[in-house]
Amino acid sequence: MADAGDASLTYVLAILLHIFLHLFCFCEPKWFKLAFGSFGDSFSVGSLKAYLAEFIATLLFVFAGVGSAIAYGKLTADAALDPAGLVAVAVAHAFALFVGVSIAANISGGHLNPAVTFGLAVGGNITILTAIFYWIAQCFGSIVACLLLQFVTNGLSVPAHGVASGMTAVEGMVMEIVITFALVYTVYATAADPKKGSLGTIAPIAIGFIVGANILAAGPFSGGSMNPARSSGPAVVSGNLSGNWIYWVGPLIGGGLAGLIYGDIFIGSYSSVPVSGDYA
């Protein structure tokens, strides 16, 4: 059974690698927008402020999101997640992300998510070097949030993401690819597209809504992460890193595909949105 699972994973990864190589290596040059960037730009005062904004916003988002799961466990004596609990956790994440994106949008763009940052890098909206520092800030914010939760709840366990019993890692990864694609596609459509116009005013709430909806759909199966930082904080603090790769590989592939399709194909030759612009 394990050999079959490994073979399936290898097959899926081979297909995804083929797609990425085709899109990156054989598409028209104007579609290839990845840029490394410079250390001068990545360590400018504006960039340092952006990293701090990402750290704070991600911390607050994860504190509320993971905190809602801990609170549910406290109120139900660690009972299994039921429909009411799933709705409560989904709503908490949706509201917290809406606020997190809103408070960071004018400073850093309000990514709060390495998959969003990667998707925007693929579309040429942020350099790779700056994106790496965004990732560090986001993951650090998530870890600090979980440490704070563990402290203020008197040592209650921090729940980590994991695929449901009976599901394979490949199935969980594909679920994460699909729902993260939906998230990053929404980010592009409502916030990063230069032609968004007045639609940009609803970007934070639209992004929060798609995350809440995806948690309702995927929560009982893959956990509905869509966010490597959101998953890594609890995994690190709880010491449960088994399967955490699913919540990096899946969301990064989903976010990258959304960046390729919307950022490179639809937006095409539009001028790039500045790093400090109004996108999430």
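Every residue gets a Cβ built from N, Cα and C, even glycine.
What TrEMBL records for 6-27 (among others) is transmembrane segment.
Residues or ranges marked as transmembrane segment by TrEMBL: 48-72 (among others).
Here the transmembrane segment (84-105) has Cβ contacts under 8 Å with residues 53-54, 56-58, 60-61, 63-65, 67-69, 72, 76, 111-112, 191, 203-205, 207-209, 211-213, 215-216, 219-220, 224, 278-280 of the same chain, all six or more residues outside its ends. As annotated by TrEMBL, transmembrane segment applies to 84-105 (among others).
Annotation comment: TrEMBL describes 126-152 (among others) as transmembrane segment.
Taken from TrEMBL, the feature transmembrane segment covers 172-191 (among others). Long-range neighbours of the transmembrane segment (172-191) within the same chain, counting only residues 6 or more positions beyond its ends whose Cβ lies under 8 Å from a Cβ of the stretch, are 9, 12, 105, 113, 115-116, 119-120, 123, 163-164, 199-200, 202-203, 206-207, 210-211, 214, 217-218, 221-227, 243, 246-247, 249-255, 257-259, 261-263, 266-267, 278-280.
Tertiary neighbourhood of the transmembrane segment (203-225): same-chain residues 81, 86-87, 89-91, 93-99, 101-102, 105, 110, 161-164, 167, 171-173, 175-176, 179, 182-183, 186-187, 190-191, 196, 231, 246-247, 250-251, 278-280, selected by CB-CB distance under 8 Å and a gap of 6+ residues from either end. For 203-225 (among others), the entry in TrEMBL reads transmembrane segment.
Under the heading transmembrane segment, TrEMBL lists 245-267 (among others). When Cβ-Cβ distances below 8 Å are used as the criterion, the transmembrane segment (245-267) is approached by residues 16, 19-20, 23, 27, 31-33, 113-116, 118-125, 161, 163, 169, 172-185, 187-189, 192-194, 222-223, 225-228, 230-232, 235 of the same chain, each at least six residues removed from its ends.
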